[in-house]
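Novice: Sharing the feature lines straight out of TrEMBL:
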DOMAIN    145-310  domain 'FAD-binding PCMH-type'
ACT_SITE  ARG289  active site
ACT_SITE  SER339  active site, proton donor
ACT_SITE  GLU409  active site
Amino acid sequence: MESRSLTSPTAACTSEKAPGFSVSLPGFPIAPCGARSSSTGLRYLKASRDARRPPPASHPVLFYLRCSPPYKDRIPFATHPSFRLDHFYYYIIFKDVCPEFSRKLPTILKERETMRIDFNWIQELQQKNIELQRRVTMAPYTSFHIGGPAELVALPDTADKLRACIELARRAKIPYRVLGQASNVLIASAGYPGMIILLRSNWAGLSREGTRLRADAGLTIKRLCDGAMQAGLSGLERLYGIPGSVGGALHNNSGAFGTELSEILESAQILVDGEEKTFTRDQLRFGYRSSLLNDQNHVLVSAVFRLTPGCRQEIKALMEETMAHRTAKQPLDYPSAGSVFKRPAGHYASALIDQCGLKGKQIGGAQVSEKHAGFIINRNQASSGDVTALVAHIQKEVFDQTSVVLECEIETL
Ligand SMILES: NC(=O)C1=CN([C@@H]2O[C@H](COP(=O)(O)OP(=O)(O)OC[C@H]3O[C@@H](n4cnc5c(N)ncnc54)[C@H](OP(=O)(O)O)[C@@H]3O)[C@@H](O)[C@H]2O)C=CC1
Ligand SMILES: C=C(O[C@H]1[C@H](O)[C@@H](CO)O[C@H](OP(=O)(O)OP(=O)(O)OC[C@H]2O[C@@H](n3ccc(=O)[nH]c3=O)[C@H](O)[C@@H]2O)[C@@H]1NC(C)=O)C(=O)O
């Protein structure tokens, strides 16, 4: 009975990405998240991060652990001060498959009672006056309106603070992501087990130097375009309406209507392993929806765009035309993350999806837009699972019917 209950969830475990840290209890090394320990003979199930319910009474659960503080009082043992706060997963350990652990647990708990809970990393950030929020539901921060709680959201407003967030996350082995407008990401409904560093209005300066504009990474593309228009500077008209930030847009070399943002980039200030460096456009190795910023060690701080003098009225008119075109073609009245798939060589993903008869296809609350097949819209309280199931369905159908592999443009966290 118990071994049956272990079988299928184990498969689910292995399919999940290992976030790069592990739980360790003295004397009982537990394998990194997403894997099963066999060398110690300790078998365990890494439960869904959604698993906030106590396990059913029929399960001989010895130990049910989730280490992040907000829920620890709901879960037996997790309240025990012996567990470090450097991991965020639930572990269900079954008594029968782990008699040795069961026997040693009281000793382990006693040993660890003397250990200090490691809140230090959060305190260190607080001491630097970095704005922090705990257990933030991410859905309202995303263009998809999907996403469960992130353990920590940090809103640094200086380069030193940004550096401190990244350094601490690395030192404490906490997963982290730098996000802008979160318009190109799908955040798991179960939440993000680490720190989201948000660069938004806290990081959104814009200044003019002749025909150049210097923009901070968190500035929205809309504000950048508005700034250019007001300064009578041309070059950004076709990018008007792109929903992201300068950082996110350069990260994936965003483009629309035949223009890519990188085309007008002159240089960029980038944090590389804690050190701020200046990169020229060529050094950033821009490609279709890719750049050097795809490497997580490179975080854009600010960018300088070289524009050309133009007529303010004409620039404004072209921006309005671009926006009207977008509104006519794209389902902007529903939450989405824009194009879900990159254009495969020689094809348009949207056209292939359309040809395969997938417009309107719905799984749960997620639907292939009837207006533009390249978009998945959050039609009705979609979960991240609805979206990923629909993505998989589209990829399979398109491959079966056309032999073309569709690669995701959106990033899943
Ligand atoms: N053309 C269109 O109509 C649409 C286009 N998009 C595109 O997606 C872009 C996403 O922008 P945005 O919403 O702000 O991005 P997101 O917040 O969605 O982040 C997307 C990725 O960009 C990276 N990123 C964000 N900020 C930085 C930074 N300062 N330095 C380095 N990497 C960064 C992150 O990488 P990591 O995880 O490694 O930290 C993240 O994975 C838009 O600007 C647009 O280009 C989206 C929707 C529609
Ligand atoms: C929305 C995004 O960017 C968009 C950008 O707004 C638009 C406009 O320039 O061009 C790209 O979309 P796209 O590849 O779907 O381009 P579109 O011009 O809209 O459509 C391409 C082709 O597919 C056809 N098409 C489109 C939608 C549809 O339902 N059916 C269909 O057959 C169109 O007729 C056209 O012949 C960008 N996407 C990618 C992955 O390159 C984004 O990156 O998130």
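Quick reminder: no glycine exception, Cβ is built from N, Cα and C everywhere.
Each of the listed features needs to be described in terms of its position in the shown structure.
Specialist: On the 0 to 100 pLDDT scale, the model's mean across the domain 'FAD-binding PCMH-type' (145-310) is 94.
Counted within 10 Å of its Cβ, the other Cβ atoms near ARG289 (active site) come to 18, all protein chains included.
Taking Cβ-Cβ distances under 8 Å and a sequence separation of 6 or more, the neighbours of SER339 (active site, proton donor) in its chain are ALA349, SER350, GLY374, PHE375, GLU409.
In the three-state DSSP assignment, the secondary structure recorded for GLU409 (active site) is coil.
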Novice: Counting every protein chain present, what is the number of Cβ atoms, excluding its own, within 10 Å of the Cβ of GLU409 (active site)?
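Specialist: Around GLU409 (active site), other Cβ atoms within 10 Å: 19.
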